[in-house]
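Okay, so here's the structure we're looking at.
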């Protein structure tokens, strides 16, 4: 076996991966607007509500990135 | 009576923990080599990877520190959720990349990766020493965290000193033999207990003390508004800028943190890691529980100061629940010390067994044995320092995360950018690390409102780029595919390269 038997695929970064920046936007970029107590949502002070939204949106962002990834034939079992 | 019930329950579960950890390697014989022990033979599927990575990131800090920060400061504690979420998303790219690189070249940890990338074994050894200095304080944090939990939930029956020792003994009891796989198995028990007990507490505490959620949140909003936005209550400069910079630098650091990487490398394939990156962030929802309970404790047990505020959550538990429930919650919290401690000790052992002692030709054939010896030695060192000079490691812990952050360019940039020379990576690391030390120990963290680790990282990167462009070029005739992490897949059915180890 040679030092590296497989041809190297230089793959361009897919735009779907920009979904991974969504948590940074939600947690950080939006913070100045979310840093407030009122209005309360479901009783939660707004900042804490917003952080919960961002936390739950994170897996969604990864799912979207993965969906884009799979759309160009990467990932899946046995990949 | 109370003490007997909760202590017996606790003791029983500690025995179960060791047995479970040892069962993990039953039928696998004592062979298998370093990769079998350090990274579970690269065989863990999505479920085990999830359980393990959740298990190692949700430490005793989550029970003690998160509640304590919530109690003392309020909003700034949210940084934990923010950086873990962002880091897990980043892990979607970094995890498979490191996994494939390590698999292709038969590597077992970050020091090994560095040694291979720059083709300099001594650099791997130096990184191992640096990382150990950063990690030892975490072992102590787990030991002391376990100590206060155990002595609290046993109603004082088990002394602090015995509880420290117990933490060390139980952890060594399985990790020396069963390595990462054992840690993953114990994580199953831990995660079940953590999810169940926190799920219960988040409902029970507001009902018991406030008559319901609405009433609890209403009182917090009305009376403790200062805790609910940045910069929080009396946090001494932990404002929005601090939150943003800390989240950025910590999310970059968590993906190369040696314990995280151990989890990555344990995966069966890249797909398990991608799927895990999707499911793992859900675990962060649980972090809101100790934060909220820390706020609740403001009303129930006001006036806690200093280290006592870390017990905010447990004061509520002991005050409001029967002994068996106290014992069970104590077991969950103790396992939250034990699992991360096991993985911390494991990666220190692996780094030394492979990159420090393993780099000495005479010792290179017994890498697994040396790793196991170092596991016990590192744990024992942390334990002894906890007894004799606790402040040494507490001081060191201040630079742990921000110091570890300085490895990001050497590792991540190095794996995607061929031109980065070893001299540049080392110069950046030294400059960044030195700056972090100066800022932190000089009492300047945050500096201008920013996390000192990010300031260090910026200088680190600038120096690394400058030295790459201005310094000597490197003569390395290996092809890019051998040096860089160019592809995050690994061809099916190909054997792992065999390296000297037993």
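These residue numbers are counts, starting from 1, taken along the chain as shown.
Each Cβ is built from the backbone N, Cα and C atoms, and glycine gets one as well.
Transmembrane segment is the annotation TrEMBL gives to one range among B:122-141, B:482-501, and that range is B:122-141. A contact links the transmembrane segment (B:46-71) to the transmembrane segment (B:241-267), because at least 3 Cβ pairs that are 6 or more residues apart lie under 8 A. Segment contact is absent for the transmembrane segment (B:192-211) and the transmembrane segment (B:393-413), given fewer than three CB pairs below 8 angstroms at sequence separation of 6 or more. For the transmembrane segment (B:161-180), the residues of the chain that approach it from at least six positions outside its boundaries are 14, 17-18, 20-22, 24-25, 36-40, 44, 52, 142-144, 146-151, 154, 186, 262, 266, 334, 337-338, 341-343, 345-346, 372, 375-376, 379-380, 382-383, 386-387, judged by C-beta separation under 8 angstroms. If you look at the transmembrane segment (B:393-413) against the transmembrane segment (B:6-25), you find fewer than three C-beta pairs under 8 angstroms, all six or more positions apart, and that falls short of contact. Within the same chain, the transmembrane segment (B:448-470) packs against the transmembrane segment (B:241-267): three or more Cβ pairs sit under 8 Å, each pair at least 6 residues apart. Within the chain carrying the transmembrane segment (B:420-442), a Cβ under 8 angstroms from the stretch's Cβ atoms is held by residues 118, 120, 123, 130, 395, 398-399, 402-403, 405-407, 409-410, 413-414, 452-453, 455-457, 459-468, 471-474, all 6 or more beyond its ends.
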